[in-house]
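J.: According to Swiss-Prot, the protein has these features:
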type: ACT_SITE; residues: Asp72; note: active site
type: ACT_SITE; residues: Glu136; note: active site, proton acceptor
type: BINDING; residues: His70, Asp103, Glu165; note: Zn(2+) 1 binding site
type: BINDING; residues: Asp103, Glu137, His354; note: Zn(2+) 2 binding site
Amino acid sequence: MPAVDPVRLTADLVRCASVTPADEGALDILHDVLSDAGFDCAWADRGGIRNLFARWGRKGHPKTFGFNGHTDVVPIGNADDWSMPPFGAEVKDGIMYGRGTTDMKSGVAAFAAAAVDFVRDTPPDGAIVLAITGDEEGDATDGTTALLAYMAAQGEQMSACLVGEPTCPDRMGEMIKIGRRGSMTAWITFIGKQGHAAYPHRACNPLPALMRLMDRLASHKLDEGTEFFDPSTLAIVTVDTGNPATNVIPASCSGTVNIRFNDAHSGASLTEWIKTELSRIEGEFGVQIDLRIKISGESFLTPPGPLSALVSKAVKAQTGIEPVLSTTGGTSDARFVKDHCPVVEFGLVGQSMHQVDEHVKTDHIVELKAIYSRILTDYFA
């Protein structure tokens, strides 16, 4: 069996218009590549989402290296804004264009290619697992969590896991993610009493309460940062009255805030802080306030240790760059994997992800396969 070309495999995956929750054949392509190489493959579908589990080697082996990734992508927006077909995987001047070229079909292709070649040429004393989902860019309720549930039910496990998200800001090899901030969103509705703007004493205007609360939340310094995390941030993301009239005091208004928090906080502690602030505002302004909270993920950290050292060594050997260990950025499915085993993330340069004309250097895909190959070689040495 010839070596798997990660560039060709990336192109095959990109040509599948797998906008969440659609798969459009992407995971079937991966299934065939892995099963042909001797991987035991199974489907862990849930809620209409396709998820692929693949393992080479003995089930439950104490030395099992795992990889987690996704083949679903975000919408393309207006296709007319693209200079290349968004699902064409066309290459120009050494650059492949298309949705998912960076985030993260190239990462999935690079690891699959590395794993297939590795078990063919140097079968390890151990096992390799790939857990690939079609639900990362959406609600992520039936993706990696479904795969982990399937693994638990089947007695499958991973000793360590690498997530192939694009982690490098500008240069290939410059950053490994060893944790992520938590994320939560608060939707807050203020209910007053509608009235004529000329007679404010006959109404109860909820807007001053909204403005006061938003000012209190946004001006509060949550923390100074911790050893491995930057300071937590709070962003006001929506404010709405639904009131186009200039002579009417609105009956209600609403605002939304998003908090990205480090390990000085939890979703529960921040929820209590917001509730305390709401109580003060209710007492001061006499309005009714409704609160809805969604915690998308808690902060987590895989402390520097054997796994981050393993990946750092491979990255430096291939690129000559000593990668920074970071916890910056948004959420990823590593937030689910961290409850199963130690997890870090490493992948391509992510500058164009989710953008029009998303693209990747084909040389970087080849280099990423080489890095992943080094990781496997060193892990099973």
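Yeah, the Cβs are placed from backbone N, Cα and C, and that goes for glycine too.
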J.: Other residues with Cβ within 8 Å of the Cβ centroid of Asp103, Glu137, His354 at the Zn(2+) 2 site?
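T.: The surrounding set, listed in chain order, is Val73, Val74, Gly100, Met104, Met353.
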J.: Nearest to Asp72 (active site) by Cα distance: which of the binding-site residues Asp103, Glu137, Glu165, His354 is it?
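T.: Nearest listed residue in space: Glu137.
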J.: Between Asp72, Asp103, Glu136, Glu137, Glu165, which of the recorded positions has its C-beta surrounded by the fewest other C-beta atoms within 10 Å?
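T.: Checked Asp72, Asp103, Glu136, Glu137, Glu165; of these recorded positions, fewest Cβ neighbours within 10 Å: Glu137.
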J.: Just jot down the residues in the same chain as His354 (Zn(2+) 2 binding site), at least 6 apart in sequence, with C-beta under 8 A of its C-beta; none if empty.
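T.: In sequence order, the residues whose Cβ lies under 8 Å from that of His354 (Zn(2+) 2 binding site) (at least 6 apart) are Val74, Asp103.
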J.: Could you give the Cα-Cα distance between Glu165 (Zn(2+) 1 binding site) and the residue listed as 'active site, proton acceptor', in whole Å?
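T.: Cα of Glu165 (Zn(2+) 1 binding site) to Cα of the residue listed as 'active site, proton acceptor' measures 11 Å after rounding.
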J.: Show, in sequence order, which residues other than His70, Asp103, Glu165 on the same chain lie with their Cβ within 8 Å of the centre of the Cβ atoms of the Zn(2+) 1 site.
T.: Gly69, Met104, Gly107, Glu136, Glu137, Gly164, Pro166, Ser332, Gly347, Met353
J.: Can you grab the distance from Glu136 (active site, proton acceptor) over to His70 (Zn(2+) 1 binding site)? Cα atoms, rounded to a whole Å.
T.: 6
